[in-house]
Amino acid sequence: MNGTEGPNFYIPMSNKTGVVRSPFEYPQYYLAEPWKYSILAAYMFLLILLGFPINFMTLYVTIQHKKLRTPLNYILLNLAFANHFMVLCGFTITLYTSLHGYFVFGQSGCYFEGFFATLGGEIALWSLVALAIERYIVVCKPMSNFRFGENHAMMGVAFTWIMALACAVPPLFGWSRYIPEGMQCSCGVDYYTLKPEINNESFVIYMFVVHFLIPLIIITFCYGRLVCTVKEAAAQQQESATTQKAEKEVTRMVIIMVIFFLICWVPYAYVAFYIFCNQGSEFGPIFMTVPAFFAKSSAIYNPVIYIMLNKQFRNCMITTLCCGKNPFGDDDASSAATSKTEATSVSTSQVSPA
C-alpha cells in the first residue's frame with residue numbers, strides 16, 4: 001500500500017520512513033512545504049472575504065425587495081443560504097486548520113466540517129436539479145393547465161434539503177465516514193479505503209449514482225429539451241417577443257450556473273472516483289487537495305452569475321447599496337416595467353398547450 005491508514009484517517013504516503021503522524025495531532029509538513037499550506041489559507045481567506053458579503057447581500061436584497069420574492073427565486077435564495085452556511089461553518093474552519101498545517105479540531109471537528117461541506121455542495125446540486133425541472137415545466141409545457149407557484153417552489157426547496165441530508169447524514173451514523181483529505185486540512189467522505197466494517201464501498205457507489213450521476217442526467221435531459229423548445233418557439237413565433245426574451249434570459253442564467261457547477265465539481269468527483277477505484281495506488285496529497293479546494297469556490301459563483309445576468313436583481317442590488325437610490329436611473333420605478341417580464345411572467349406563468 002502506498003498510503004498509511006489510521007483509525008480515523010488515511011495519509012497518501014507510505015510510513016516506511018516512520019514520519020507519518022496523525023493529522024489530528026501533528027502538522028503535516030512532511031506532505032507539503034509550509035508555504036503551500038499558507039497558500040491554502042490565503043485562498044480560503046479570499047473565499048470568505050468574497051463569499052460572505054456576496055451571499056449575505058443576495059439574501060438581504062431578496063428579502064428587502066418584494067418583487068424579487070418570486071417562486072423561481074426561492075430556489076436561488078435557498079442556494080445563497082446554503083452557500084452562506086458553507087462559508088460560516090466550513091470555510092472558517094478550513095482557514096484555521098490550513099494556518100496550522102493539520103486538522104487541529106480533531107475527529108469531531110472533521111465530521112462537523114465534512115458534513116457542512118457535503119451538505120452545501122449537495123444542496124447546490126439538487127437546487128440546480130430543481131431549477132432545471134422548473135425551467136422544463138415552464139418553457140417546455142409538458143403538462144397542460146399547470147401553474148408553477150409558491151407551493152411548488154417551497155416543495156422544491158424542501159426536496160433539495162431532503163436529498164442533501166440523505167447524502168451528508170449517513171457518514172455521521174456509521175455508513176461511511178468523514179476523514180481529512182489531501183493535505184489533511186479539510187474533510188470529506190472517505191474515498192480512500194473500502195472499510196467493510198462501515199460499508200464504505202456501498203456508500204461511495206450510492207453517493208456517485210444517486211447524488212451525482214442521476215442529477216446530471218436529469219439536468220442534461222431538462223436543458224436538452226429546453227434548448228430545443230426555445231429554438232422551435234423562436235422559429236415559429238408561438239409566444240410573444242417579451243415572453244420569449246424573458247424565458248431565454250432566465251434559461252441562459254441557469255445554464256451558465258450549471259456549467260460553472262460542473263467546472264467546479266466534476267474534477268473533484270473524477271479524482272475521488274479514481275482514488276476509490278484504484279485502492280492503494282500512489283498519488284500525492286496535491287492530487288486531491290487542488291480539486292477539493294477548487295470545488296469550494298462554488299459558494300461564490302452562483303450569486304455572482306445571478307447578479308450579472310439578472311437585470312432586475314442587479315438594479316435592486318445597486319438601489320440597496322446606494323441607500324434606496326439607483327444612480328444609473330434604473331431604480332424601482334423605472335424597472336417596474338420589466339419586473340413582470342424578467343421575473344413574474346417567467347416563474348409563475350400559466351402553462352397551457354402550445
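Each Cβ is built from the backbone N, Cα and C atoms, and glycine gets one as well.
Cys187 is paired in Swiss-Prot with Cys110, the candidate among Cys110, Cys264, Cys277 named as its disulfide partner. Per Swiss-Prot, the annotated N-linked glycosylation site among residues Asn15, Asn200 corresponds to Asn15. The membrane topology recorded in Swiss-Prot splits Val139 and Ser281 across the two sides. Proximity of the transmembrane segment (74-96) to the transmembrane segment (203-224) is not established, fewer than 3 Cβ-Cβ distances being under 8 Å for residue pairs spaced 6 or more apart.
Its Cβ taken as reference, Asn2 (N-linked glycosylation site) is surrounded by 11 other Cβ atoms within 10 Å in the chains shown. Recorded stretches compared: 37-61, 111-133, 153-173, 253-274, 287-308; the one with the most Cβ pairs under 8 Å to the transmembrane segment (203-224) is 111-133. Fewest Cβ neighbours within 10 Å among the disulfide-bonded residues Cys110, Cys187: this applies to Cys110. Tertiary neighbourhood of the transmembrane segment (111-133): same-chain residues 72, 75-76, 78-79, 82-83, 85-86, 89-90, 93-94, 105, 156-157, 159-161, 163-165, 167-169, 171-172, 177-179, 186-189, 211-212, 215, 218-219, 222-223, 226, 254, 257-258, 261, 265, 295-296, 298-299, 302, selected by CB-CB distance under 8 Å and a gap of 6+ residues from either end.
Note on proximity: among Asn15, Cys110, Cys187, the recorded positions of the record, the Cα nearest Asn2 (N-linked glycosylation site) is that of Asn15.
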